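**Student:** This is the structure I have questions about; it appears just below.
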């Protein structure tokens, strides 16, 4: 017998959960290097912000935001290590890969917000340009450049490395690529460095430092303080143009869209699956990006009734697993319903259908409103008009012709068609005229309601 606990143990708070997960990551020695770079980054950011305040340079502030973005990239790298340690749970059945996607998206969006803030401050400085002190401007530029490049080249950031290669190129990369082709045409040995395209983070660090160096020289030579604002706008635009394609790519992953570059391969694999032995149809297919480099999907496969489910499942999984890492396949066998001949029950007092030849009349209505037995409208939407012109046969009921064979039904009645002479001698059902109902039912000896009896004598 177990111990009975009268009071439930209190759950951990959010801070406690974060502390527990941080200890889990810090237990791995690979994360110590990232933590060390993060601490140095915080110290560097503190010095740069003080130098931005002393120099009154907004261009140096815009360049410092790139160092803050490096701090976000280090946090993303820690989250990537944490994702590799965690296993799928009942709540997160697909794992925790989307956390690193969310971290990349948040980092790039925050960098763009910082660029927009710099643009707003630069627009205000155009109205009243303050004086720029160049004492520590050049020192801060080289300190930030050295630390940014050292961080980018020393630590392999898997999420940002994947996004920078998979996302579309920025306008800065395209212009530098055009310039690199011209340089490599003169010096072919530089093609391994500049081509096919440079790392966007390294490129923006170098371009920002170059803009700050030009700002320093122009202020020192001509006291042209407005160039600091122009350099800040240039750095902000380069930051926005570099981060925007990465935000779009990571945002599409969060929206569970299918990557465009794998659509053709998926179509080819689905065509191969549809041609497998026993497969009748592949439908309800849905594929989406689960994380960076991992694809998830689900598909329904309809197979023959005599097909082996496990064999078909193994073949389908083997074909799609080459591209889709997390796959759900639902197999169901083909089934059908036998169509019924008649949906309306036939009463016992009505003659069998097999004894008659039913000649349906042409109808002008749709076939789905017809009765399957008589081919007449089952439920007319409106009563037929009293007079119909130029519509021959529209409101005419089907004609039922009787067989020529005579079958006794055990009641003394002769079932069959009446003689030709008797048909001509029939009346119109007027009392006392001796009319029979042989034309309606085919029973020539049935006593009528108003006419004669079975012997042809008048009823008293």
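Just so you know, glycine gets a Cβ as well, placed from its N, Cα and C.
What TrEMBL says about a protein is an automatic prediction, not a curated fact.
Reproduced below are the annotations present in TrEMBL:
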TRANSMEM  32-51  transmembrane segment
DOMAIN    35-255  domain 'Cation efflux protein transmembrane'
TRANSMEM  63-84  transmembrane segment
TRANSMEM  96-117  transmembrane segment
TRANSMEM  137-155  transmembrane segment
TRANSMEM  201-219  transmembrane segment
TRANSMEM  225-244  transmembrane segment
REGION    370-390  region 'Disordered'
**Student:** How about long-range neighbours of the transmembrane segment (63-84): same chain, 6 or more residues beyond its ends, C-beta under 8 Å?
**Tutor:** 21, 24-25, 28, 30-31, 34-35, 37-38, 41-42, 44-45, 48-49, 52, 95-97, 99-100, 103-104, 106-107, 110-111, 114-115, 118, 140-141, 144, 147-148, 151-152, 155, 157-160, 204-205, 208-209, 212, 235, 239
**Student:** So, taking each listed stretch (32-51, 137-155, 201-219, 225-244) in turn and counting its Cβ pairs to the transmembrane segment (96-117) that are under 8 angstroms, which one gives the highest count?
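**Tutor:** Going through each listed stretch, the top one turns out to be 225-244.
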**Student:** I need to check the long-range neighbours of the transmembrane segment (225-244): which residues 6 or more away from its ends have a CB within less than 8 Å of a CB in the stretch?
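**Tutor:** Distant Cβ neighbours of the transmembrane segment (225-244) are 57-59, 61-63, 65-66, 108-109, 111-112, 114-116, 118-119, 121-122, 125-126, 129-132, 170-173, 200-201, 203-204, 207-208, 211-212, 214-215, 218-219.
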**Student:** Checking distant contacts: for the transmembrane segment (201-219), what same-chain residues at least six beyond its ends satisfy Cβ-Cβ under 8 A?
**Tutor:** 57, 59-60, 62-63, 66, 132, 134, 137-138, 141-142, 144-145, 148-149, 152-153, 160, 164, 172-173, 176, 225, 227-228, 231, 234-235, 238-239, 242
